[in-house]
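> Handing you this structure, nothing more for now.
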Ligand SMILES: *Cc1c(COP(=O)(O)O)cnc(C)c1O
């Protein structure tokens, strides 16, 4: 192998805490991967490729694990806890119903996400609305639906939401999104005084305090509390402690000055998952207990009763529950500078169905899905069919050197930010989403067709 020495995809091993495969993935004696009791060959034949496959039992179990872990960890902390599923990771009517049935609320960021959650029958009070640039129409829809909270992201939005609420004659429950200076993701977190990014209101710069004062001055707004989301794919929970302490201190300081203790604090989402099998991410139980400890200690230090806590996991609920099936097309050996070779394996999708590799240098792995091969492993790169050299799905993986046109490849851990960030680049119809459970498959989002694309073109 070359200097990169890529690893083969780990075989499905549900007992392994680091596995990137969902809980029901197995490789059969015939070498074919199965998920939800269905061989992927049958799924590919019936629904075509590329195909997003969601493991319903796995997804539901993750949602339930978060609900149970937070319920239990915060049971003796006065305020309790709510878990909101961050719908931007992937939202469909069925998924909204499942996670709500398993005990989660739903965070939405746009009118579209709100529409799907409402279509699913999720009650308004179990829905939150986020976003750094909400339209009046989105705010109005949220208030008419009776959402449990709108998270305010700017000073201007304080006035905007108050004005819409006044027009509708309702009181808007709001939180204020605060940037604490903590950025986290991967294994590191850093704390800086200022943040040069678009979200939230700076704690250090005084903008958060100004917005909280402005909210308090508007009778149309009901201030629930403060909110912080520090990043994504976070494996080290230390960053949450810094952010939580900052929010709880702000809450105590305001209570001292105004006599009013905000009832809620939201600590955001961003819990990491295993994409390639080399990390064991924190479990919902570990996350919930770590956060409960932080809140308990910080509130004791501050001498304030604990607030009701909420969190917003997205990828940790849906990411590991999904895999993408691709059909292999062109296979091309490419000679590298060091004389080694890399096998470029083109699949029938690419950056249109998974932009994360190109956008964030995200790491994935891939495995032969329709048979087992005993051929020697070679360094390989799984690429798409788009007109970009950055159109990479899996940057480095070791694949058998007989991988050939017609083979099926499975890329695990694509349940989050795959379909939800998909595009029609190169006028490729977006793949469908199929849920599997107990040997049954069901289409959640149907595959787009060229007719769908042509129907939008007014000629
Ligand atoms: C994206 C986002 C989340 C969810 O992030 P994950 O990494 O999917 O858990 C939660 N809260 C807010 C405000 C977000 O922007």
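A Cβ is built for glycine as well, from the same backbone N, Cα and C atoms used for every other residue.
Pasting the feature list from TrEMBL:
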BINDING   270, 312, 313, 314, 315, 417  pyridoxal 5'-phosphate binding site
BINDING   315, 356, 360, 388, 417  substrate binding site
COMPBIAS  7-17  compositional bias 'Pro residues'
DOMAIN    59-318  domain 'Orn/DAP/Arg decarboxylase 2 N-terminal'
MOD_RES   88  N6-(pyridoxal phosphate)lysine
REGION    1-22  region 'Disordered'
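Situate these features within the shown structure.
Look at residue 312 (pyridoxal 5'-phosphate binding site): DSSP puts it in coil.
In this view, residue 315 (pyridoxal 5'-phosphate binding site) is surrounded by 24 other Cβ atoms within 10 Å of its Cβ, with every protein chain counted.
The compositional bias 'Pro residues' (7-17): residue composition by secondary structure is 0 helix, 0 strand, 11 coil, according to DSSP.
In sequence order, 107, 108, 109, 113, 314, 417, 420 constitute the residues six or more apart from residue 88 (N6-(pyridoxal phosphate)lysine) in its chain with CB-CB distances below 8 Å.
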> What residues, ordered by sequence, lie under 8 A Cβ-to-Cβ from residue 270 (pyridoxal 5'-phosphate binding site) and sit at least six positions away in the same chain?
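When sequence neighbours closer than 6 are ignored, residue 270 (pyridoxal 5'-phosphate binding site) has 184, 185, 229, 230, 231, 232, 233, 234, 313 within Cβ distance under 8 Å.
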> Name the residue among the binding-site residues 313, 314 whose Cβ has the smallest number of other Cβ atoms within 10 Å.
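Taking 313, 314 as the binding-site residues, the minimal 10 Å Cβ count falls on 314.
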> Which residues of the chain, 6 or more past the ends of the compositional bias 'Pro residues' (7-17), have a CB below 8 A from one of its CBs?
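Those are 23-27, 33, 276-278, 280-281, 283, 365-367, 377, 397-399, 412, in sequence order.
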> Measuring Cα to Cα, tell me the gap between residue 360 (substrate binding site) and residue 312 (pyridoxal 5'-phosphate binding site) in whole angstrom.
21
> Counting other Cβ atoms within 10 Å of each residue's Cβ, which of the binding-site residues 360, 417 comes out lowest?
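Each of the binding-site residues 360, 417 was scored; lowest Cβ tally within 10 Å is 360.
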> Based on a Cβ-to-ligand 1 distance below 6 Å, what subset of the binding-site residues 312, 356, 360, 388, 417 would you report?
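Cβ < 6 Å from ligand 1, in sequence order: 312.
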